[in-house]
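Lifted from Swiss-Prot, the feature list:
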- 9-67: domain 'TRAM' (DOMAIN)
- 80, 86, 89, 169: [4Fe-4S] cluster binding site (BINDING)
- 293, 322, 343, 391: S-adenosyl-L-methionine binding site (BINDING)
- 418: active site, nucleophile (ACT_SITE)
């Protein structure tokens, strides 16, 4: 439908009743007005609402709730005082039990929309949730901003320059909440300039804190625009004094005009360069920029699903693509003949090697680089993988990697996904090359958000 036709039907400011049919991939309610898709943040399936159009796009419209005529029985009051402003969570107004069902439904809808597979023929298992879905995040990344002389540390409202000050967050571990609040107060006391995005002035951009759930070790990273600045030594001393349990204090320098949190250079200000975390029987060393799953308790459940899907017997050669600090590969190593992994972040690979060494795991090998370049070189040297595990970013697998996988033809692919849409699109390509989806296991890694993690098993059956 053309944009002109859409504008002829829907206008900004227009109000009308709407029945919500389902949840969208971003957690918004989805309804249809004269065959036009309308996204309504905060609305739930089955609800009858009166909405006001806030924006009209070529293929859909966005609207806000003006009145709820018929409320969902699954609607609850959000416990977070800044839930409507922050945007970090999208589903605190939906009961947790219902959230788990909806996340499975989001996966199903993604396959209906992006594949030729019939969703009713797929084995999509019930979502694995948490017993206590609060205080689960081990890492906090808050932007710093000074307004009317007051230093704020928080998150930006989506698509705006408004920063919501977060003195505490219900989904963050208490240690990260404390660290962020203490650093914010020190910056206020010392009057250190925070970064001004518009003027590109100031020093401190962000405070990042990470805690080991099992070890209790705390890491604080100060993201700055330059390496040296006034009162830097005093800032370090104050953090050491007010956060005496901090094990690792790092500085990351990011001088660029970018939405990315961290830059390329990290230096140690105090203590160790890494902190330790334990998953199951395996301990991991985490540097400032290293990726590590944000919910350790659910990570163990997810990785056990990966191990179950891989179905290793001790004879298989396994590739851990997008390996990060080696978490998945090391989890599988005791049941594999050999595990090889790669990642584009050099520090992550160094951590992966160190993690393997510390565990005494000798049947693993890690390289810096892109999977789509490294895997063919292994194949050329007659090292053919039996199982490939992929855990890509939200954008999904690189097209060249998918091409490489299809050429390599491993017996099994275990696809760990954080985005049902890109998962479905990638699966569509793989199933055309002879792979069959055996099952999809959603895992709720981020309670109260719209994000859905999943573990999908694909088996090569030939064309």
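Along the chain as shown, the residues are counted starting at 1.
Including glycine, each Cβ sits where the backbone N, Cα and C put it.
Keep in mind it's a predicted model, so treat the numbers as computed, not measured.
For the S-adenosyl-L-methionine site, whose annotated binding residues are 293, 322, 343, 391, the maximal Cα to Cα separation is 15 Å. Mapped onto DSSP helix, strand and coil, the domain 'TRAM' (9-67) counts 1 helix, 36 strand, 22 coil. Each residue in 291, 320, 321, 323, 324, 327, 328, 392, 416 lies on the same chain as 293, 322, 343, 391 and has a C-beta within 8 Å of the C-beta centroid of that S-adenosyl-L-methionine site, without being one of the site residues. Between the CA atoms of residue 89 ([4Fe-4S] cluster binding site) and residue 418 (active site, nucleophile) there is a gap of 16 Å.
Using Cα positions, the member of the binding-site residues 293, 322, 391 nearest to residue 169 ([4Fe-4S] cluster binding site) is identified as 293.
The shortest Cα-Cα distance between residue 80 ([4Fe-4S] cluster binding site) and any of the binding-site residues 293, 343, 391 is the one to 293. Taking the centroid of the Cβ atoms of 80, 86, 89, 169 as the [4Fe-4S] cluster site, the other same-chain residues with Cβ within 8 Å of it are 82, 83, 88, 92, 166, 170, 171, 448. Residue 418 (active site, nucleophile) sits 21 Å from residue 86 ([4Fe-4S] cluster binding site), taking the Cα positions as reference. For the recorded site, residue 343 (S-adenosyl-L-methionine binding site), the DSSP three-state label reads strand. Straight-line distance linking the Cα atoms of residue 293 (S-adenosyl-L-methionine binding site) and residue 86 ([4Fe-4S] cluster binding site), rounded to a whole number, equals 22 Å. Between the CA atoms of residue 322 (S-adenosyl-L-methionine binding site) and residue 86 ([4Fe-4S] cluster binding site) there is a gap of 30 Å.
DSSP gives residue 391 (S-adenosyl-L-methionine binding site) a coil state; it is part of no helix or strand. Rounded to a whole value, the Cα-Cα separation of residue 391 (S-adenosyl-L-methionine binding site) and residue 86 ([4Fe-4S] cluster binding site) is 28 Å. Taking Cβ-Cβ distances under 8 Å and a sequence separation of 6 or more, the neighbours of residue 343 (S-adenosyl-L-methionine binding site) in its chain are 322, 323, 324, 349, 352, 366, 368. With a 10 A radius on its CB, residue 322 (S-adenosyl-L-methionine binding site) counts 22 other CB atoms from all the protein chains. Secondary structure from DSSP puts residue 80 ([4Fe-4S] cluster binding site) in coil.
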